[in-house]
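Student: Supplied in structure tokens, the structure appears directly below.
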Amino acid sequence: MRLLSSLLFLVLIPTMAFSYNETKVFQKIQKDLDSIIVKDLNTKKLIFSKDANQQISPASLTKIMTAILAIESGKMNSVVTITPEMKKVQPTILNFKVGEKFYLKDLVNAALIKSANDAANAIAIYLGNGNRQKFVNMMNAKAKKLGMKNTSFQNPSGFDAKNHKSTASDLLKLTEYAIKNKTFNNIVKMNSYSFSAINTKRVYKIHTSNKLLDKEKYIVGVKTGYTNQAGPCLIARAKEGKKDILVVMLNAQNRWQNTKLALDTIMKQK
């Protein structure tokens with residue numbers, strides 16, 4: 001019985017040693033979400049995790065994969081013409097007009113900053129040479145290459161769909177990869193962005209869906225997500241001094257408060 005109690009205690013404590021108060025913080029946080037993983041990118045140590053390998057709908061966190069493939073395509077200055085098929089998505093949308101022309105880089109900004117589904121769909125159809133499924137296949141091939149063993153993408157935006165699944169652990173791998181890219185990092189830390197259609201000159205002004213970017217100086221990205229099935233999701237990165245922390249939360253009902261609480265706790269730790 002004593003051995004069983006000891007094993008249960010080990011399961012419940014965070015991976016990195018914290019003070020008692022800090023341990024209580026993470027015990028509180030994990031009650032409000034389905035899955036979480038927190039990693040110190042400098043030391044490579046996992047700070048805390050709960051059900052990090054549980055498959056869950058990733059919502060718009062999916063767009064990290066969509067964006068990094070676009071950035072790595074070498075076509076960021078290419079011109080994309082909006083087609084009727086590109087507009088066939090549900091909100092959040094920027095409501096592009098058929099025939100409008102945009103640089104691919106502006107669509108990537110819109111997908112990451114505003115989480116615009118029509119922007120993500122346009123990226124996929126363009127880079128898939130008119131075939132969105134071809135791009136989705138590229139997403140899954142990249143996921144496999146990155147070792148995302150429990151991930152299956154079915155669309156570029158993150159809509160709930162059968163077999164559109166990932167895990168906190170896999171999304172951590174994806175984000176660790178993406179943030180090595182300077183262009184990606186420059187986009188996800190922006191509060192706002194403006195761009196215009198090349199041909200119509202119609203201006204689009206967007207603001208980040210990441211509330212923490214406006215409030216916390218140490219937050220430097222990364223991505224928000226929400227669908228009815230996935231619930232509120234968030235990947236956040238905090239940098240200050242020698243600390244570089246990445247947090248992935250899935251179906252986190254109090255994502256803003258709990259992410260701030262977790263990061264404040266970690267940043268105070270010496």
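Each residue, glycine too, has its Cβ placed from N, Cα and C.
TrEMBL does not curate its annotations; it predicts them automatically.
Pulled these features from TrEMBL for this protein:
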SIGNAL    1-19  signal peptide
DOMAIN    30-253  domain 'Peptidase S11 D-alanyl-D-alanine carboxypeptidase A N-terminal'
ACT_SITE  S60  active site, acyl-ester intermediate
ACT_SITE  K63  active site, proton acceptor
ACT_SITE  S115  active site
BINDING   K223  substrate binding site
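In the displayed structure, how are the listed features positioned relative to their neighbours?
Tutor: Listed in sequence order, S115, N117, S157, G158, K223, T224, G225, Y226, T227, C233 are the same-chain residues at least 6 apart in sequence whose CB falls under 8 Å from the CB of S60 (active site, acyl-ester intermediate).
DSSP gives K63 (active site, proton acceptor) a helix state. When Cβ atoms from all protein chains are considered, those within 10 Å of K63 (active site, proton acceptor) total 27, not counting its own.
Other Cβ atoms within 10 Å of the Cβ of S115 (active site) number 27 in total over all chains.
For K223 (substrate binding site), the count of additional Cβ atoms within 10 Å of its Cβ stands at 30 [all protein chains shown].
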